[in-house]
């Protein structure tokens, strides 16, 4: 099974999506789902002494402007194992450029954690935590000589619109799943 192509984008898109976790919170290893095989591949070990501040992955059957599946960050209290499917509620979007390409990332919370039941939009996330996430993504490629720019945060509605657009981009690239 290749989860990128065979999993649906979510049970109630765009209100609830599947986050296919590639990288657990706290990791310095950057894993990526191999789009051809569906296996997890070590892409690189971060050059910097940083670690991922959130669980990080993709939304299945999506494609984005950077030429990859649409990225999703899930705020969890405990790290999740790679290749875990998390039902996630989008609450915002980080507006970012990576080497000049639009590389926005959905920010979400797990549906099945009562701790986050009242987190519905970006304003529900403590600003200090948003700043930590932005700082990580602003700096994590610096020692590789690559440039990333975090331009700010969008709300849940903006995230949901981008999810729907990413699903359409997937259909254009790979064909509509029957």
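Here the Cβ of each residue, glycine as well, is placed from N, Cα and C on the backbone.
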For the substrate site that Swiss-Prot describes with 30, 44, 140, which of these is also annotated: 56, 64?
56
Which one of 34, 43, 103 goes with 66, 71 at the Mg(2+) 1 site, as Swiss-Prot has it?
103
Which has the fewest other CB atoms in a 10 Å radius around its CB: 66, 71, 103, the listed binding-site residues?
66
Surrounding CB atoms that lie within 10 Å of the CB of residue 140 (substrate binding site), all protein chains:
20
Looking only at C-alpha atoms, tell me how far residue 66 (Mg(2+) 1 binding site) is from residue 56 (substrate binding site), rounded to the nearest Å.
16
Output the one of 30, 44 that, of all these binding-site residues, has the highest number of other Cβ atoms within 10 Å of its Cβ.
30
Measuring Cα to Cα, how many angstrom lie between residue 44 (substrate binding site) and residue 103 (Mg(2+) 1 binding site)?
18
